[in-house]
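Written out below as structure tokens is the structure these notes cover.
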């Protein structure tokens, strides 16, 4: 995690991958030992770094990744392209580190592309693959001798790794194989032309056939056959991911890391709160001092509509919660750091809830009194809770859509399309009672509709927009002589909008928002489970 220091990353790995029976002091000693062995003492308390935060160098970052795996002191270490993105000098330093670890008794298995000669000569065993076929497996230093025996001779001063890649790709200038050699290959017919053989797939197939008839292949096969039968059989238990710690221990540590990551990402925390504060002041100034007249009705509805819609649009930032950490999640889950449930709930507790709750509270406190909504504590807290629920529901929908996506842009587009239709059916842009029956059902999927309806009931109930009026049996007498379109009370306005002014009319909006939140979170969780199965 780039927002954490090297030491914090190691401590995270130790806390989750070492059993809880191991004392904390022993875990700290293990972390310090790894830092010392990898030569990371000078940068131990420096952040690893992200695209925004400057951190350690590329080589130090690679060593940090390796160190997180060394916490458990594994006998076998698998690495995927440990030199990718590094310059030649740094890549050589990383491979020297791995070579030193191999001499200490560890088995290091890794994939690599186009290593330079100083790196190539560090290899003990070399395995070459092309299109899923095995082209060579044996001592790295005898690879050139093998290829020479089948008709390929490396030019003087040529890098063996480049030479081998040229052979596999079919563009080697060092090929000395004659046409007669082609006809002797096991799977080829004499009629095949050199042009046909030059295809990558054909060359790979031919090289694989040659290797399967070589002494190297037979020696490897004989060694495997000598293994006891019980060593050949893979227990089903080995296929299952095991955990060293309990669910609650994992939840605590992943939540702690998530919260640190939140604090360490100013663009996702401090900046968002700053934007909410500034925007709240601007909106409060625009709608400031609403009156109890026709303009007051329009301004109130406009302000409530903006507050609700803004909560939905702000939730778009939630899509980064699982998309940007997708690779980290898959790697750590497969490595046995934590359960899917622990990771999911930690994100909800340490990121989703605080980043949706705090902005809603700030927005309510600024706008409520500047705009001049009903001056009662009940109405104030009702508006605040409603905005929080809308934010939770919209964020949950964003998670349900974005989970499993590889690109943030795609998830962003899908969410925006959904919000556009939801806003249309929110109850302001079109009177929902006038919508045709074939589209009327879409309003039930609109998150801002439930929020806006609840806020309108909360704000308009009990308001009077006609001055010097007299009300008898709920009928405003001063409005009888006016136009039939005149609205004198908040209840009249709500009735025109088709809003039910009852206790259930208010509560059913909250029930709908809570149910939608649970459904969306369930979808996100299921997709996260499906994602880890694909890994």
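Here the Cβ of each residue, glycine as well, is placed from N, Cα and C on the backbone.
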If TrEMBL is the reference, give me the range from 231-250, 251-270, 271-290, 291-310 marked as transmembrane segment. 271-290
Which listed span TrEMBL calls transmembrane segment, if the choices are 311-331, 332-352, 353-373: 353-373
Close approaches to the transmembrane segment (353-373) from elsewhere in its chain (Cβ under 8 angstroms; 6 or more beyond its ends): 262, 268-269, 272-273, 276-277, 279-281, 283-285, 287-290, 299-300, 303, 307, 310-311, 314-315, 317-318, 379-380, 383-384, 387-388, 391-392, 395, 459
